[in-house]
Amino acid sequence: MVSKSLFLAAAVNLAGVLAQAPRPSLNGNEVISGVLEGKVDTFKGIPFADPPLNDLRFKHPQPFTGSYQGLKANDFSPACMQLDPGNSLTLLDKALGLAKVIPEEFRGPLYDMAKGTVSMNEDCLYLNVFRPAGTKPDAKLPVMVWIYGGAFVYGSSAAYPGNSYVKESINMGQPVVFVSINYRTGPFGFLGGDAITAEGNTNAGLHDQRKGLEWVSDNIANFGGDPDKVMIFGESAGAMSVAHQLIAYGGDNTYNGKKLFHSAILQSGGPLPYHDSSSVGPDISYNRFAQYAGCDTSASANDTLECLRSKSSSVLHDAQNSYDLKDLFGLLPQFLGFGPRPDGNIIPDAAYELFRSGRYAKVPYISGNQEDEGTAFAPVALNATTTPHVKKWLQYIFYDASEASIDRVLSLYPQTLSVGSPFRTGILNALTPQFKRVAAILSDMLFQSPRRVMLSATKDVNRWTYLSTHLHNLVPFLGTFHGNELIFQFNVNIGPANSYLRYFISFANHHDPNVGTNLLQWDQYTDEGKEMLEIHMTDNVMRTDDYRIEGISNFETDVNLYG
C-alpha cells in the first residue's frame, strides 16, 4: 500500500512540474501548453494549416481555421506520407555494408534520423518551437527555422529536435528560438504533370514551407521570437528548399508588407536546374504513381487526378513505395523524381536564371558542402562498371544533352581512381571500377555546381562558404559523406559540432558567423579571393574555393546539362 506521505510528495512534485509547463497564448487568448525539457521549453505538434485531406490532397495548403485553445503541444505530430527511408538504407547496406564502414557512434543516430521516430499521416502540417526556458513574449530572440531534407521523398521535423541549438545558444550568451516545419514530400507535395500544372497546384511542398513561415511571422512573438530576425536553414533537400524560397515569386519574400526571413544557410544543397512541372521527368513520375495506385493513365488527365484523390492514404503510400529506388535516385531524367520545378507561379522561371538575373531575396547567406557528397548516392549506379555503362546512365539523366556534352563530362571525370570520390584517397575506396567516378560526378553535378552558381550570381549580398572534410580517411567508401553533419548538429556533441552550432547561431544573431564563437575567423567569400572555410574534426582552416574548376564549371554553363 502506498503511504499517504509518498502520495502527497508525488502530488507536490507533479504540481511543480505542471507549474513550470510553459503556456503561451495564440490568437489573443487561446492558451496552449508545452513541456519544460531541462533548459528548453518545447512546443511540439502545433498546426499551421488545415489538414490537406480529401479534396485538398495535392493542393496548396489552406490557413489553419481551428482553435488552439487547450492544445497540449507535448508530442511531435505524424510525419507526412513518404517513401520508406529504410529502402534507401537497405540499398546502401547491400552496396557498402554500412555496419562495417560507418563508426558505431554515428551509425545509430544516422539510422534514427533516416527512419524517423513518428508515424505517417496525411494530416501532417504541424511545426515545433524550442526556446530557452522561461523566455518572455517580449524577448525578441532571433529565430532559426529548420527545413529538413530527404531527397524530397521523405523526412520529418521530429528527427531534428532543436534542443541542441537552443542549449548551445544559451551557453554562448546568444539565445535563439528554434522552429522546425513539416512539409509534404514525394507525390503528395511535388506532384508534377499536365493535370496538376493546369490546376495550379504545383510545388505544394514549397507552399507548405511558405505557410509555415507565415505562421512564424504571425505568431512567433508570442513565444519570445523576433519576426524581424528570422533565419531559414536546411540540409540536402532542405537546403534546396531554402534556395527555392530565396527565388520564390522572383525574390519577393514579403508577407503582409514584411520580410518572411532575413538570412539563410544552405547545407549541401542549392538551386535545382530542373525542367518545368509539365516536362518529361515529372510526367513520368506522375504516370508511374498513378499506375501503381491503380488509376487509368489512358483516361483524361483530370480523371486520373480525381482517381488519385479518391484512393486511400494506404493505397497511395504503397504506390509511392512501389518505385524502384533507381527510378527516384538516378534513372529518372535529371536525377530526382520529385522536387521543386518552375511552374510560372512560386517558381516563375528556371532556378539558375532567377539567380543570375537578380530575382532572389537579398539576404546574407552561408552555403557549403561535404567533401564527398556523391558517395552515398553512387550505389544506384553500381551496375555501371564500364565507361559505356556510365555514358548510357548519363544519357538517360541528361535526356536533352548532345553526345558531345556527355563525352565532355566523361573526359572531365575520368575513370582514374586517384581523382574520384572519396577524394584524396588515391586508388583506395573503389567499390567498383566506376564507383569513384560516378560519386565525383554526382557530387559536383548535384551539390558543388549549384553552390558556385549561387555564389557567382549573388554579388550584392554578404555570403560565406565552407567545405567539410572532417571524416577524411575515417569512413571507407563514403569519406565525408552527404548528411553526416546532421549527426554533429542534432545527436553527437563531438568533433565539428561546435563549428556548426556556434557559427550558425552567431549568424542567426548577427548575420555574421564570427561573433562570440571562439572559433577561427571565417572570412566572407569574394569573387577575387574565393575565401572558403574548411571544417576539420577538431580545428578549421581558411582555404580557396578552387578545386575541380573545369568540371564543376561545365555543369554550370552547359545548357544541355540543366533545365
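The first residue you see is number 1, and the count goes up from there.
Glycine too: its Cβ is placed from the backbone N, Cα and C atoms.
Annotated active site, acyl-ester intermediate per Swiss-Prot: SER236, in sequence order. A simple way to gauge crowding: the CB of SER236 (active site, acyl-ester intermediate) has 26 other CB atoms within 10 angstroms, across all the protein chains here.
Sequence annotations record features per position, and here Swiss-Prot assigns active site, charge relay system to GLU373 (among others). The Cβ of GLU373 (active site, charge relay system) has 27 other Cβ atoms within 10 Å, all protein chains considered. Following the DSSP three-state reduction, the secondary structure of GLU373 (active site, charge relay system) is helix.
The feature active site, charge relay system is assigned by Swiss-Prot to HIS482 (among others). With a cut-off of 8 Å between CB atoms and residues at least 6 apart in sequence, the same chain places SER236, SER268, GLN370, ASP372, GLU373, GLY374, THR375, ALA376, PHE377, PHE447 near HIS482 (active site, charge relay system), listed in sequence order.
According to Swiss-Prot, the disulfide bond annotation covers CYS80-CYS124 (among others). Listed in sequence order, the residues of the same chain lying 6 or more apart from CYS124 (disulfide bond) and placing their CB within less than 8 Å of its CB are PRO51, SER77, PRO78, ALA79, CYS80, MET81, ASN182, ARG184.
Per Swiss-Prot, disulfide bond is recorded for CYS295-CYS307 (among others). For CYS307 (disulfide bond), the number of other Cβ atoms no farther than 10 Å from its own Cβ, over all displayed protein chains, is 16. DSSP assigns CYS307 (disulfide bond) to a helical segment in the three-state reduction.
Secondary structure at ASN302 (N-linked glycosylation site), taken from DSSP and collapsed to helix, strand or coil, is helix. For ASN302 (N-linked glycosylation site), the number of other Cβ atoms no farther than 10 Å from its own Cβ, over all displayed protein chains, is 12. Annotation source Swiss-Prot lists N-linked glycosylation site at ASN302 (among others), citing sequence analysis.
Per Swiss-Prot, N-linked glycosylation site is recorded for ASN383 (among others). Taking Cβ-Cβ distances under 8 Å and a sequence gap of 6 or more within the same chain, the neighbours of ASN383 (N-linked glycosylation site) are HIS389.
Residues annotated as pyrrolidone carboxylic acid in Swiss-Prot: GLN20.
Swiss-Prot lists 1-19 with the feature signal peptide.
Cβ contacts within 10 Å of CYS295 (disulfide bond), excluding its own Cβ and spanning all protein chains shown: 21. Distance between Cα atoms for ASN302 (N-linked glycosylation site) and CYS295 (disulfide bond): 11 Å, as a whole number.
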